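Below: the structure, in structure tokens.
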Amino acid sequence: MPAFQEYFDPSHQMVRDSVRRFVEREVLPDIDAWEEAESFPRELYLKAGAAGILGIGYPEALGGSHEGDLFAKVAASEELMRCGSGGLVAGLGSLDIGLPPIVKWARPEVRDRVVPQVLSGHKISALAVTEPGGGSDVANLQTRAVRDGDFYRVSGSKTFITSGVRADFYTVAVRTGAPGFGGISLLLIEKGTPGFTVGRQLKKMGWWASDTAELFFDDCRVPVGNLIGAENMGFACIMGNFQSERLALALMANMTAQLALEESLKWAREREAFGKPIGKFQVIKHRLAEMATALEVSREFTYRQAAKMAAGQSVIKEISMAKNFATDTSDRITTEAVQILGGLGYMRESLVERLYRDNRILSIGGGTREVMNEIIAKQMGL
Ligand SMILES: Cc1cc2nc3c(=O)[nH]c(=O)nc-3n(C[C@H](O)[C@H](O)[C@H](O)COP(=O)(O)OP(=O)(O)OC[C@H]3O[C@@H](n4cnc5c(N)ncnc54)[C@H](O)[C@@H]3O)c2cc1C
């Protein structure tokens, strides 16, 4: 990949090299088997923790490194995606949506107990916002938390939660107040709390290596000290968290497209039809040129928004645009890649088959394409 020196410095290259070595050593040899098994060993969290990968972007005092260095995170995310399994990256990376609210808004004693255990890979963090009744309309969520002395009594359910089966710490969006966005709070709910049960691992189109589950709360007693941020201020915390999740999903889409393009180029040079490599047919050559063009534009726009975020600018509109542009691009490039590989592109033995399936979630998770367009339109004053 090109160097993009405008965004990345030598320290980011070191992060990139170290994550790439980790992926080559610890993930690539087994990833096909883990995908088929729809799981990867829990030990991988410990290995990624020990290699310092899980801690990138978090405060040193909590066991992290490169705090505030967004492009270190970008470099690490891109290299992790080189394993070719969005599911593994989503599963290993569920801490990046579960932990930030805890780092920023939990009580110090909760934060100091929870965060280091997750960054070292000993415990797993998940974020639970979506409910069976709907995910897009966050302000309308129904899981109730009623104050009872030093506890909240939580009742309701969540669904489609990444790392839902094996997480230890769940950052859960609940309703503590009136209907609408002003009645929502975030609570840390721990595995093993009476009244909290986890459903089966859901079967999915893609992201096979990640576990995705339903969560059930039946009069679950959660200590008041586990409140994250102020009561009824959870909506703003959730929306803030979405900004970095949307950047991460745009980066995933760009890397999915990058891998699909690389596989297509390789095949276009190797595969012969009618006496010449298929890459010599103008229709294929132009398709590859257009795929590369769309990807470069998408990547550049995504990096630009990351740079603005790193500089502290508000990019609510632009990050939604980046997510939509990147996922439109990866939709197109993964579809074209399957076409260029022909029958092989449909076979489980080819990487593009997995990229095509894994890609489909990227314009749904973290806010759908339609929800992104709603945000963009609102920011345009519509
Ligand atoms: C593999 C996977 C992993 C996930 N991981 C997590 C996780 O870790 N934590 C978590 O909380 N959630 C997670 N989700 C849930 C995900 O965020 C939701 O699926 C997503 O937000 C959409 O919600 P929904 O599925 O309920 O669809 P709905 O909200 O029911 O939407 C259905 C359709 O209606 C459209 N729609 C809704 N509102 C509007 C509107 N105003 N205008 C136009 N169209 C609209 C949507 O765009 C969509 O096309 C995950 C989902 C999947 C599939």
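The backbone N, Cα and C atoms fix where each Cβ goes, and this holds for glycine too.
Here is what TrEMBL says about this protein:
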| type | residues | note |
| --- | --- | --- |
| DOMAIN | 10-121 | domain 'Acyl-CoA dehydrogenase/oxidase N-terminal' |
| DOMAIN | 126-220 | domain 'Acyl-CoA oxidase/dehydrogenase middle' |
| DOMAIN | 232-380 | domain 'Acyl-CoA dehydrogenase/oxidase C-terminal' |
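For the domain 'Acyl-CoA dehydrogenase/oxidase N-terminal' (10-121), the model's average pLDDT works out to 98. Secondary structure of the domain 'Acyl-CoA dehydrogenase/oxidase N-terminal' (10-121) per DSSP, as helix, strand and coil residue counts: 77 helix, 2 strand, 33 coil.
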